[in-house]
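Please read the structure below before turning to the comments.
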Amino acid sequence: MKLYDLLKHVSYTVVQDGDPVISDVIYDSRKVEEGTVFVCLKGYTSDGHRYAQPAVEKGAAALVISDDLDFAVPENVAVVKTADTRLALALMSAEHFGNPAEELMTVAITGTKGKTTTTAMIAEIFEQAGIKTGTIGTLGIVYGGNTYKTDNTTPESYEIQKALRAMIDAGCKAMVIEASSIGLKHSRLAGMTFDAAVFTNFSDDHIGGVEHKDMAEYLYCKSLLFRQCRKAAANCDDPAWRDITKDFAGDILTYGFSEQAQLRAKNDRLLSENGFIGVHFETEGLKTLSLDVGVPGKFNAYNALAAICAVSFFDIPDKAIIDGLKIAHVQGRVEPVSVPGSYSLLIDYAHNALSMENVLTTLRQYNPNRLITMFGAGGNRPKVRRFEMGETSGRLSDLSVITEDNSRFEDVMDIIEDIKTGLHKTDGKYVVVPKRKEAIRYCMLNAEDGDIIVLAGKGHEDYQEIKGVKYHMDERELIREIIEEEKLS
Ligand SMILES: CC(=O)N[C@H]1[C@@H](OP(=O)(O)OP(=O)(O)OC[C@H]2O[C@@H](n3ccc(=O)[nH]c3=O)[C@H](O)[C@@H]2O)O[C@H](CO)[C@@H](O)[C@@H]1O[C@H](C)C(=O)N[C@@H](C)C(=O)N[C@H](CCC(=O)O)C(=O)O
Ligand SMILES: Nc1ncnc2c1ncn2[C@@H]1O[C@H](COP(=O)(O)OP(=O)(O)OP(=O)(O)O)[C@@H](O)[C@H]1O
């Protein structure tokens, strides 16, 4: 595509004329190849303008800048200037990949909590309706059974546009994306109009450092999503919803437990039956449904409501909603694993005291026969983490099963001793089973009816790091092996 075609929606001035054919849009000089356009981004640690000269030396045919350059750009290289090169990158990337968002059903989720879960729920509902769906968020870029890791929850605009085109090529018809406030602030989502945007909730997070100046800026950045969507839904039980959606031109579909909500939830209760851990609730208003959601905690009723609102903007049968919400889960986050027996086995990523506290407190509300937590702690990381995890599990679990995690260059038994130090501050019971697979086996063979067992620490990871080597280790596989080895049925 010619440079000026790529720049179709960008406001710019020409510094050095030329309209070369552009082979790719690049924002990292190390990736520049002959015939590409290099977009100079001013970052937190460095400034892309500093890399304009090396980019030209590597064959860049054009430069997009916001600041003047301190070298003489060869005449055969076109240069354009724009106020915001991140915005330009987004608009050019969308053009470069043929505006893929326009070929997909698109949903974006913003909010302090619940983005990943709601995204997974919407994708599962779409899939149940026979709509192949890709997702982008904290878990990476996911489509067609593959996951591609990203540096950010909301990746750089070029990566988003590229992923959208790849999703279409793989047969996807829908895409759900987590819109982080930082992603919105940095125009990573610019150049797209989402079919639907959803606000989940707003609380203190991401303030300071390289993130947001203050809560007002955080709120403002979240609100930007509602300037680029066709339909919008919001959790009206969260008072921030009006401010966050104020720029949306149409009517907002509201959800929540309160009377004012257009999609209202009622009769919620925590569900724990035959290994199924979740939340039941019914809806009225926009839809009358009775739902069993397969992830624990009342907050997941809110996430489910958000998902229902989002899919209600499309022609999705209620059955797909009911079935999708029953099986939707986020990989590695209170992820249920089906096992023979009348207990629940969950895999969770919690690998510090705070996340462990959150998960165990949520699960405590289910009044399990016993809450059993199996965990270890990472080597070559602050020891205080181990003490705290030991103490948290000791306080909140009926039994702690202490084992190995990524021990890295430390001795597993030394790490376990540190965990025990924390645990001894409580009167929590514990056993030590150093090999992780054996610890899982111990949990499964000793499970009683109604127990909830949490395998904490690894979550979605499929490796274990020991002495600089990452060995393959997927807890789902270990569980399957144990079922076979022990002939459990
Ligand atoms: C603070 C921040 O947001 N940084 C983001 C930013 O990086 P940066 O601008 O600081 O990059 P930089 O290193 O200063 O480089 C500036 C430019 O020079 C270029 N460069 C650099 C070196 C070189 O040799 N050649 C070259 O061309 C770089 O490619 C870049 O274009 O732009 C990058 C590309 O988009 C992001 O990956 C990066 O996210 C970092 C990893 C990050 O941690 N961001 C956090 C704050 C974030 O975005 N978080 C949100 C929310 C997460 C949540 O909800 O929990 C997210 O969406 O992930
Ligand atoms: N709707 C909600 N309200 C309050 N807390 C929630 C909600 N949904 C999830 N949580 C809590 O937040 C944690 C993270 O959930 P999730 O990954 O879905 O959110 P997120 O917005 O993607 O978060 P992050 O930006 O931290 O990745 C959950 O483990 C749970 O403890």
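Each Cβ is built from the backbone N, Cα and C atoms, and glycine gets one as well.
Feature annotations, reproduced from TrEMBL:
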- Gly111, Thr112, Lys113, Gly114, Lys115, Thr116, Thr117: ATP binding site (BINDING)
- 23-80: domain 'Mur ligase N-terminal catalytic' (DOMAIN)
- 109-311: domain 'Mur ligase central' (DOMAIN)
- 332-459: domain 'Mur ligase C-terminal' (DOMAIN)
- Lys222: N6-carboxylysine (MOD_RES)
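Structural mapping of features recorded in TrEMBL.
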residue: Gly111; record: ATP binding site; contacts (Cβ under 8 Å, 6+ apart): Thr118, Val198, Phe199, Thr200, Asn201, Phe202, Lys222, Asn235
residue: Thr112; record: ATP binding site; contacts (Cβ under 8 Å, 6+ apart): Thr200, Asn201, Phe202, Ser203, Asp204, Asp205, His206
residue: Lys113; record: ATP binding site; contacts (Cβ under 8 Å, 6+ apart): Thr200, Asn201, Ser203, Phe299
residue: Gly114; record: ATP binding site; contacts (Cβ under 8 Å, 6+ apart): Thr200, Asn201, Phe299, Tyr302, Asn303, Ala306
residue: Lys115; record: ATP binding site; contacts (Cβ under 8 Å, 6+ apart): Ile109, Gly137, Thr138, Thr153, Glu178, Ala179, Ser180, Thr200
residue: Thr116; record: ATP binding site; contacts (Cβ under 8 Å, 6+ apart): Gly137, Thr138, Leu139, Glu178, Val330, Arg333
residue: Thr117; record: ATP binding site; contacts (Cβ under 8 Å, 6+ apart): Val295, Asn300, Asn303, Ala328, Val330, Arg333
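In the three-state DSSP reading, Thr112 (ATP binding site) counts as coil. Helix first, then strand, then coil: DSSP counts for the domain 'Mur ligase C-terminal' (332-459) stand at 48 helix, 28 strand, 52 coil. Broken down with DSSP, the domain 'Mur ligase N-terminal catalytic' (23-80) shows 13 helix, 14 strand, 31 coil. Around Lys222 (N6-carboxylysine), taking its Cβ as the centre, 25 other Cβ atoms fall within 10 Å, counting all chains.
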